[in-house]
Every structure is written in structure tokens, then in C-alpha cells.
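Peer 1: Features from TrEMBL:
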{"type": "COMPBIAS", "residues": "530-542", "note": "compositional bias 'Polar residues'"}
{"type": "DOMAIN", "residues": "379-498", "note": "domain 'Cyclic nucleotide-binding'"}
{"type": "DOMAIN", "residues": "562-631", "note": "domain 'KHA'"}
{"type": "REGION", "residues": "526-558", "note": "region 'Disordered'"}
{"type": "TRANSMEM", "residues": "61-83", "note": "transmembrane segment"}
{"type": "TRANSMEM", "residues": "90-115", "note": "transmembrane segment"}
{"type": "TRANSMEM", "residues": "135-153", "note": "transmembrane segment"}
{"type": "TRANSMEM", "residues": "203-223", "note": "transmembrane segment"}
{"type": "TRANSMEM", "residues": "243-265", "note": "transmembrane segment"}
{"type": "TRANSMEM", "residues": "277-295", "note": "transmembrane segment"}
Amino acid sequence: MPWSETRSPSPLLFRRHSSGDPKNFASVSSSLLPAFGTVVDENHLQRKKYVIAPYDYRYRWWQTFLVVLVVYSAWASPFELAFRKAASGALMVTDLVVDACFAADIVLTFFVAYLDKSTYLLVTDHDKIATRYVTRLWFTMDVASTLPFQFIYRILTGKMQNGDVFGFLNLLRLWRLRRVSELFKRLEKDIRFSYFMTRLSKLICVTLFAVHSAGCFYFWLAIHHHNSENTWIGSQVHDFKHRSIWLGYTYSIYWSIVTLTTVGYGDLHAVNTGEKLFNMIYMLFNISLTAYIIGNMTNLIVHSAVRTFFMRDAINKILRYASKNGLPEGLKEQMLAHMQLKFKTAELQQDEVLQDLPKAIRSSISQHLFRETVKNAYLFQGVSDDLIAQLVSEMKAEYFPPKVEIILQNEIPTDFYVLVSGAVDVLIFKNGSEQILSKLGSADMAGEIGVLFNIPQPFTVRTKRLSQVIRISHNHLKQVLQADHDDGKKIISNYIGYLKSLKQDMLEELPFLTELLSDMNIKLTAPNEEPQNPEASNSQQDADVKGGPETSSPSPSIMPIRVIIHGHHPDTNTSEGDTLGKLIHLPASIEDLFKLAEKKFGKRGSTILMADGSQVEEIDAMRENDQLYIF
């Protein structure tokens, strides 16, 4: 089978073949990202002989094992410098085993593919891999830190030498510490591990290494001083050179910790000039180390408490604002409840969580969360799936605590709401008291009467318990409906059906509704009222369909335009009542507008003028809230 037929068409991430497809993308930062416009062949490494994928799980385990050996090297190198007797005993065998493992890793590195930083593609050519490794500093330092100089000297000369030269050469093993740094960098980006615990572990490791190294070097100074009694440990421990190794190590670590923590009991102190110089250097280093530790710990603690800090700060601002402006206690409690709920539901807030994601992903999430709720809302029942998808993709989700007003009576209408969960009351304020008109639950709508009629909101909507709503913009709904007349007519039909089913106490708060529906030739009946003469009703419907001159009426537009009509010439002086005019929905034709004006003013007109005196000849030229003069 040719190569072009076996390669993956468009993989998003390089997949580790030996470990199977990744099931968890928590460590996606460690995956290889292809360059734009390139195709990564995930089977290429499989067919390439003697090439190791750098993210193969077996190679990763090998690297983790080497990190454990690095920890040993970081402890043993300063220890063997200070305590030479330990370097020629059991530790020497252990050192040889550890060096053999790192020597094997050097050989293995010649077969590990690497990532080309210019193309972000894996390079699997053996010559390029070898050239890259040998020509870099890493190869030289890896070899220097792996060679067992003391053992080689013994083989070549047949003598055992424990001089300081070999002790300092062993310090080259500290080059291996870069592996530990790389491990912590990878763990910090892996969300499967706690960032706080990873950083804390790193700080502890740095501190322990500093304490151990300083103690070993300080003991080395005492060992090499010409007068052992004139040293920091010799003044306390007689003949310390011939005492137990672990006794000297304990004293060294004790001094290092006391100095690092700036406790300074004074029982172990510098005696000669060399020790004083080393103490000064170590204490200056401790200042930097302490600042590094405190800075990191402060960042970790502040990061974990930053949300609490912002919440307390916001609450204090609300309390100061309410106190300064003399707000009533009930309103202040609503403000505090809403602010607390905002922080408690921060992870669920749609805008905050999704703002950095691509629009396609945000739309898919919105479809998953709110599609069924919107489809169950009465206004959108029976409309196309495309319309639902366009509406849901732009909806905004919000949470409201109990006893909080979502909509206020007489406020300007800009949005209406679909209730996702919870419950709300629809109420009015009359004669100084509240009157609950209805209760709404999941998939019910609130505020749509004011928005669709373009009037101040007639009712107040207040939550009964914790409620989640999705907000629909009036402008967005209008834009969507302009492109789909069939869905627009269906929405108008659903809306009219809802208006016909309103309870009497709600209709009493909308005195214009009966007249408005009458203008649109819609018969308003009670919810359970049946037509007394079905045949007559059917005949009337047939007449409407045939379009008879007396019974025909324009079907309502998708989003009705409201205009104000007057029954006189614009230059005619009239009384105040005539000046206000009549607010109507614009009909579908000029002729229908004349009929409607005749019905309103009791006289037939033949001319329509605008407020500036220009004559209207086409109905499409009129806009929302135009003043029309018909005479």
C-alpha cells in the first residue's frame, strides 16, 4: 500500500503509537504540534528502524528513572567531596552503577527523534540526530559528568587515589540536575497534578539541596584547615577528623539549617578567616534564596485566595455605596445576594468560561445546554432547527438568587428571557401593594410582551428561588427573523395564541391589547371559550383566504412596525387630544391604511403626509414611530 494511502489525513496532535491513542489531553502541552499547513505521518516513526519517539511512554519511564538517579548524584557529589572515606567504600560501587545508566542514556540519545523548531516536525534521520547532539554543549557535559575519573585512574595506575581533584571532578555530575528542572516544568503544565503541590515540592527540593551542599562545603573547609582545632567544628568536637562520618555530617547540616533560617544560636560559628568568608557568601546567597521562596509561596497563596479577595472587595464596595446613597435594606440585600451568587457560580457563567474559546465551540456548548429549553418555549414551537441554532448561539446565560427582580415594571424593553431552571413570579404594584398575576417555571418566557410590542415592561418579574435564565436580545431576534419569513409568521402565530390565552387580570393591565388585536383582525376569546357557530367560523376563515374586499385583512408582519396617525393636515391647529394621534401597527398596503384611519377618525382620507409635509406614496417607505397625517 503506498505511503499516501496509509498516512493520517489531518491529525491534530502527534500520537504516541506505542502507547495507543491518548485518552486524556491533560498533558497536551507535552504533545507535538504540527506546523500550519503540514501533515504529520503518525506511522512514519513506526516504520523507521532504530528511532525512538521522544514521547513514547517507555522512553518517558526511562527518563523518570534517571531523575531518581539524579537525586542520588546531587546528594552524593558534595558528600563525597567533604567525606573522602565514603567515596572509596560502598558509594563507589553505587556511583559506577549510576554512571553506567547515564552512559546508556548517552548512547540512547543518538536514536531519539527531535523536534525541529522551525517546522515543528520530528526529525528521524540518524545523521541529523547524531550531528545535532554531538555539536551541542549537552554531549560534552553529559560525557564529562558520566566518566568515572577515580575508577579510570585506578585502572591505569593500579593505585587508589582519594585526592580533592577527583572530588571536584565528581561535582560535574551536578550537570544532571537539568533533568529535574525539566521534570518540574512538565509537571507544572500537566493539569493532572496540583500546581500548588508541584511548586511546593520544587521549593523544598531547592532548599534541601542548598542546605546539603553548604553543609558539605563547610565541612570540607574544616577538613583542609592546617589547625583542626581552629575550625568551627574542631572547637566543639575534639579530633573530629577521626570520628564518625555521620557525626560530622549531622553537625554540618545543623549549622547549615541554623544559618539558612537566620536563627544563629552561636554554638557553631566561623573561627578562621576562610570560614568567615564562606559564611558571608552563604548568607548573601540565603538572602536571594529566601526572597525566591517567599515570593513563590506568596504567589501560590495569593493565587488560591484571589477570588475570595475580589469577592470581599466587591461586597465592601456595595456596602459603602448603599450606605453613602441611603439605599433601603431590602435593595442592599438583593445587591449582596446577587454579588455572592456571581462568585459562587463563576465556573458556570457562560461568558467568563467561554470567552477565550472559538465561536464554533461556544455555539456547540450553547446548543448542548439550551437547545431543548428554547424549543420548548411557546414562542419558538414549530420553528425550524436553523432558527433555533442561530438564536441559541447568541444567547447569554445568567443566574439570579431568590427574591431578586429580573425585570422591573415600566423599564425600557431591550431583552426578554427564557427560564432554564428555577421559578419566578409575574406581578404588578397597585395601590401600594404587590399583586401576583402568574407563576413561571422551566421553559417559560418573561418580558416578551414589552419587547415585541415595544412598550415599557408591563409587569415585574421576580425570582422565587435560585434561577437560571437565558437572555435573548430584541435586535438579534429581529435580524434573524428578517431572513426567514416562514419562521417569523410561525412566531407571530404562537405569540397571538399566547395573548389569547392570557388571564383576565393580566389583560386588564394591558388596555391597548384588545384594540391592537382588533386592528390586526384577530378575535380575542377566552382560553376555554368555543365558537358558537363553527360553520360560520369556517366560512369566515374561507372568506379570509379568498381575500374578499370586506373581510380581507393583512397578515401581520414578522416584526410589526408601529406608527402614529393623525386625521388632519400637519399645519392644522388642533386640540391637545388630536395632537397626540393614534398608535397603530402599520398595515400591508396604503389602501388598508386609509381604511384603518377611517375607522379611527370617522372620515375617509385620500392623502398621506409626513410631519415635514412630504407625501407618502409607498407603504415600505415608513419606519418605526413615524408621524403620518391622513386627510
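Note that Cβ sites are derived from N, Cα and C of the backbone, with glycine treated the same way.
Just so you know, TrEMBL annotations are computer predictions that nobody has curated.
What you are looking at is a predicted structure, and each value in this text was computed from that prediction instead of being measured.
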Peer 1: Name the range, of those listed as 61-83, 90-115, 135-153, 203-223, 277-295, that has the largest tally of Cβ pairs under 8 Å with the transmembrane segment (243-265).
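Peer 2: By Cβ pairs under 8 Å, 203-223 leads among 61-83, 90-115, 135-153, 203-223, 277-295.
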Peer 1: If you count every Cβ pair below 8 Å, which range out of 135-153, 203-223, 277-295 shares the most with the transmembrane segment (90-115)?
Peer 2: 135-153
Peer 1: So, by DSSP, how many helix, strand and coil residues make up the domain 'Cyclic nucleotide-binding' (379-498)?
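Peer 2: Final tally across the stretch: 40 helix, 43 strand, 37 coil.
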Peer 1: Restricting to the same chain and to residues at least six past its boundaries, which positions have a Cβ under 8 Å from a Cβ of the transmembrane segment (135-153)?
Peer 2: 87, 92, 95-96, 99, 102-103, 105-106, 109, 159, 161-162, 166, 169-170, 172-176
Peer 1: Averaging the per-residue pLDDT over the domain 'Cyclic nucleotide-binding' (379-498), what integer do you get?
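Peer 2: Summing pLDDT over the domain 'Cyclic nucleotide-binding' (379-498) and dividing by its length gives 85.
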